[in-house]
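To keep things clear, I will list the structure first and then write my remarks on it.
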Amino acid sequence: MSRVRELSPYVELHREQWRELRSSTPLPLTADELVKLRGLGEQVDLAEVAEVYLPLSRLINLQVAARQRLYEATTTFLGEDCRSTKAPYVIGIAGSVAVGKSTTARILRTLLARWPDHPRVDLVTTDGFLYPRAELMRRGIMHRKGFPESYDRRALLRFVTEVKSGAERVSAPVYSHLAYDILPDREQVVQQPDILILEGLNVLQPGPRLTVSDLFDFSIYVDAHIDDIEHWYVERFLKLRHTAFADPASHFHHFAGLPDDEARAEARHLWRTINEPNLMENIKPTRPRATLVLRKDADHTINRVRLRKL
Ligand SMILES: Nc1ncnc2c1ncn2[C@@H]1O[C@H](COP(=O)(O)OP(=O)(O)O)[C@@H](O)[C@H]1O
Ligand SMILES: CC(C)(COP(=O)(O)O)[C@@H](O)C(=O)NCCC(=O)O
């Protein structure tokens, strides 16, 4: 058994072990800044930033430099001038609906951008690559939003390929939870960042052809027990009644006035029919592919980390 463990490509660390790997990395974030990065229902505090995210930021900083040297080896081999091209370092962040990927992505973006060697960090979420509502309806997959087939995967791959190839200006479509649709007159422009973070449910999906995950230099899977994620989803849904759903323009405005028990039943229904099957069929199977798994406990704290070292 211990021999098998020794041969594993993964190393499992408890938070107490992982936090030592911060080394002397400074904490460049205040409590006020952290509040602005935290999503609805998320609990992350400065201790977690220091103990979990700073070691991660240090690891990625070391890897960015190493990856650039590797890239230069290939350009030298090809007889190209490596100073004229620089491939952005691409990080994928995957995990279930309501697990807290966006908070992880925003914290990491902020921390990575504070290193002088890679100040330009862009964050793009894959919801912009969902098909517009009319197209989902035409395909009869409105109830499959978030499933792999609900995304324009070709456009997403083209986008990441162009960014990674050093294109001067690449634009991504923008999704709105409020409109429950792609906003046709909006775009997110990415201009030669040092690092691109791509966050989304399905970013680690393999495929028969090249997929975005083939272009990742590092990937993170945000993980938790499925019962805890369901609980967080339902609690967030209840809170959204007083925030996003309260806006008359919200697609979910009709939920705003629901009493607790009915809202809970509605949220559970959405979870059981859409988000749980997507997690079990598509998202969770991609977990072994991640470079790093951040495992959350029921109170949202990250207490275990699994790193792929091979
Ligand atoms: N119906 C909604 N209306 C408004 N905001 C929403 C809605 N559903 C999710 N969000 C917000 O969108 C973001 C992404 O949510 P989600 O895809 O569940 O990923 P995660 O919780 O892992 O970040 C979160 O900040 C969440 O609060
Ligand atoms: C927009 C999403 C598909 C997530 O998109 P992502 O950026 O992870 O690709 C998801 O947050 C969502 O709205 N799912 C629909 C089902 C639900 O609202 O529970």
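Using the three backbone atoms N, Cα and C, a Cβ is placed for every residue, glycine included.
Automatic, uncurated: that is what TrEMBL annotation is.
Computed from a predicted structure; not experimentally measured.
The ATP binding site feature in TrEMBL is assigned to Gly95, Ser96, Val97, Ala98, Val99, Gly100, Lys101, Ser102. Neighbours of Ser102 (ATP binding site), defined as other CB atoms within 10 A of its CB across all chains, total 21.
Residue counts for the domain 'Phosphoribulokinase/uridine kinase' (90-227) under DSSP, helix first, then strand, then coil, are 47 helix, 42 strand, 49 coil. Annotation source TrEMBL lists domain 'Phosphoribulokinase/uridine kinase' at 90-227.
Summarised as a single figure, the pLDDT of the domain 'Phosphoribulokinase/uridine kinase' (90-227) averages 97.
Taking a Cβ distance under 6 Å to any atom of ligand 2 as the criterion, the binding-site residues Val97, Ala98, Val99, Gly100 reduce to Val97. Same-chain residues with CB within 8 A of the center of the Gly95, Ser96, Val97, Ala98, Val99, Gly100, Lys101, Ser102 CB atoms, the ATP site residues themselves not counted, are Leu201, Val222, Ile229. Sorting the binding-site residues Val97, Ala98 by the number of other Cβ atoms within 10 Å puts Ala98 first.
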